[in-house]
Amino acid sequence: MQIRLTVLRPRTGAGLPAPATDVLVTAPVGTALGAVSVALAGAVGVRGPRSATHVHLYAGSRRIDDRTPLGHPPLLDGAVLALGEPDPEADSAPAAHPGDDTVELRVVGGPDAGGVHRLHGRQVRLGRSSEADVPLDDPDVSRLHLALHLSADGEVTVHDLGSTNGTALDGRPVGAEPQPLPEGALLRLGESTVALAAAPPAEQTRPTTPDGLGHLQVSAPPRPGRPPAPATAEPEPAAASTTGRARSLLSRRLGRAEGARTPATPSADAARQHLRARVRQATAQRERWPDAATLLLNALGPGPRLWERVPAHPDALTLRLGTADRPGGPGTTPGTVLPAVPVTVDLQAAGGLGLVGPPERLHALARALVAQLAALHPPSGLSLVVVSADEQVPLEERTARWAWSLWLPHLRPGLGQDCRLLVGLDRPQAEERLAELLALAEHPADGAAPPATVLLVDGDLGSQRAREALARLLRMGPASGVFTLCLAERPGQLPAGLGATATVTGEVATLLTVERPTADGERERIEDVTLDAVSAPWAERLARALAPLREAVPTARGPLPDALRLLDLLELDTVTPAKLSARWEDLPSTTGTAAALLGTTRDDLCTVDLAGPDPARHQHLLIGGARGAGKSELLRTLVASLAVGERPDRLQVLLVGGRDAALAGCAELPHVTAQLDAAADPRRAHLTAESLLEELAHREELFAGRGFTAWYAEQVLTAHTAAAPLERPTGRLGRPRGEQLPAAPGATMTGTSMTGASVATVTAPPAAALPARLVVVVDDYDALLAPTSPAGRPLARALAAAAQRGGPLGVHLVASTGRPELSAGSELDEAALWRIALRTDHPGDSELLVHVDDAAALPEQTPGRGYLRRPDGAVLAFQTARVSGRIPRTATLRPTVVAIDPAQQGAPPTRRPVRELGNGPTDLALLASALQRAAERP
Ligand SMILES: Nc1ncnc2c1ncn2[C@@H]1O[C@H](COP(=O)(O)OP(=O)(O)OP(=O)(O)O)[C@@H](O)[C@H]1O
């Protein structure tokens, strides 16, 4: 396990910020904080204490117990630990505890947006000065600009403190006389907009589950769709505006809205309707394009809107740049203006966006945009790449500027990029990032569309090579899947090919002029947009809130992972007999299952269900692929996964191995009744073939025309009814513990005839138990079919019979073939409704297997990648999860704490010579041992 933490050194003087160091902690799962606390103190230069008991670490204002395991809350990725004293910043943290009744003041727009302030006390002053209770970094705001009063009964009033530029409440000027400030009303001071809101209710917080590895799994985002427009009160008509600079500021927003608010409508009713439509539209637009404060609250919660913009979302990749007075839509009087509604740019339409202006303001705007992308789009649907390699700016400054973004989970490389994070903070890193993006856009890994990436380029790229790569990406446009945000001081410094621009204007650089494409292919220019900008500490707070969050489903779109661990997918990182038997306990008692989790598709987990959904149809699986494509590993993954999913008395596995004893590792699973090497032991092959045929005949007789599922359910029901009056504790099938179900004559095949003397592990079901579902797994099926395989021929005939008659009887075949042309036309080929093509040598092989030729284009470097054809005809690309790997190296190493150099995060990481332990147990061995013990539990 690896987590990134920040350690704060005790302050050296009052008012001075605590010096901070970011560290990478590498430790086995379950390591307690105490094991690394001395090293954490050492990382910030505090040496001396030899024992953990002398090192006190705090998360916020709370001391952390030394026994807290690393990777569990609060020791999650991105956490800040204060050494020796509570975190001095902890009290100023906004809204970490939703659900109480307090009122919040949110800064919803302007050059210092995003703030969320809990209102405490009777009077709260807002202003530019540090003396203000809510300081705002807005040049148009006076030092002490306005005051809010909170009465004991919860009423809030506002009055201006004699500010230079005035205050406006929903368009009406506010003077020295206190006016009620209702929730949701927009209060304007300078270029900033603030609003009162109730703290979000606790039930709006999305559930999270710690994974023990430093992350919190967040449940899937809501389905794509737009949030409904909330009901709002009608505003009062606006009054006249004020004088001087105040007039110039307010009239820009209010004057035009003013004029529009006196429509010549035929009746008062119609006027009211138009006014209602205007309010509804403005509110709906503000909801749809959330402000920075809403984003922060959703990251901290995490709230319902976190990562809502999955790729299919109608607003995916559309950025809110600021707010302006914009024309009303249908239902409002012509000429109506919606005040202070978001102005957006759709990156999918524009391809790229150029941002021009003075660096400081530009970076604050860029922070708001990157934070917005990260809070609204899940990392599986969007990756972010930050490149800041302009050699005119010192490396330290570039690094400090973008250090906050390094906490965003969207910067983690997911496609084998040679770096720790997707950043380019010097020339070689920038060249590498651009080359990677170009390669991905021009040669997508497996023929699929490249994943969406937003590339932020801050200033010049530092080299001709990188500039050329960017120019090629921009020429490709949205088809490249890369959407670029370019920052420049002057328009002439922007590269060609950006479809939209936003230029910072205004006396104090708080406005934007936006040029963007319209839906009908024209260009549109919008002036006087009050830009949304956020401070660096705000952006870091949001990024740290996102740092530990992970989507509950490992992949939701786009690239398939290069490698996956089955135990991770099964959420069995630490696999114990108790966990396994708990899963079996939860199984339904009527019909056995035969579902195997194989890996992930682009959207979801990849599962094969041999028992459903139509049990009357033959449910077999045929797997084909070239040498080294990953067939044997896929079989092992399938068998391991079947075993986790069903108890050994209800699902049994017969292994028929091919060359290389590829299935040997599975023989230890308690579900495996026999393992046979047909070529090495022709006699047993013969006996096995006979037993299989007998078993089919026996089941046909026993079930008397019914299917396995129906018959099984009936037997369980009968046993359950018979057992009920006994009032004894019942077992998992509903039968009294220790009692047998009614004898099923002949139902002994799995315990006797199919299990031979030379079997590695035999776990027989209780005598006379119900016949279990039987999965016959055959590696190298084509070898059995070959005319040179006399030993295999009887077995091949029995397998053919199982293919034709077995499905409804609960006997399923899973077979792999390296020569699809040999297995083509066989009974199994005819009957298999589930089909997989891993990488094939020829398109024709892929066609034979999954009826599309795509598997021939799969790369050799990613064994286990393939296409699954489901019984409904859908064909999905997937990556097989691995079960024969050894436990990750970090799982057994001594814990280490290493300082992180942010400037090197984009450089190739130092290679470890061995990625897995050479002689530790494989995941399969760990799983088999835990399954055996689970099977022995009463
Ligand atoms: N899903 C996977 N993830 C990562 N590596 C894999 C995966 N599947 C297979 N490999 C690796 O690829 C190599 C070949 O895998 P495997 O033996 O399963 O292929 P095969 O198709 O059975 O080959 P052959 O036909 O030669 O027996 C092995 O080194 C294995 O570790």
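Here the Cβ of each residue, glycine as well, is placed from N, Cα and C on the backbone.
Bear in mind that TrEMBL entries carry predicted annotations, made automatically and left uncurated.
As the structure is a computational prediction, the values presented were derived from the model and not from experiment.
A simple way to gauge crowding: the CB of Ser632 (ATP binding site) has 23 other CB atoms within 10 angstroms, across all the protein chains here. The annotation ATP binding site is assigned in TrEMBL to Gly625, Ala626, Arg627, Gly628, Ala629, Gly630, Lys631, Ser632.
Summarising the annotation, TrEMBL assigns compositional bias 'Pro residues' to 221-230.
TrEMBL lists 124-174 with the feature domain 'FHA'. Mapped onto DSSP classes, the domain 'FHA' (124-174) shows 0 helix, 22 strand, 29 coil.
The domain 'FtsK' annotation in TrEMBL covers 602-847.
If you look up TrEMBL, you'll see 158-182 (among others) marked as region 'Disordered'.
The region 'Disordered' annotation in TrEMBL covers 200-273 (among others).
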Taking the Cβ of each of the binding-site residues and counting other Cβ atoms inside 10 Å, which one has the highest number: Gly625, Gly628, Gly630? Gly625
For a quick check of packing: other C-beta atoms within 10 Å of the C-beta of Ala629 (ATP binding site), how many? 27
For Lys631 (ATP binding site), the same-chain residues 6+ apart in sequence with C-beta under 8 angstroms from its C-beta are Ile623, Gly624, Gly625, Asp779, Ser816, Thr817, Gly818, Leu838
Grab the pLDDT values for the domain 'FHA' (124-174) and give me their mean, rounded. 94
Other CB atoms within 10 A, centred on Arg627 (ATP binding site): 8
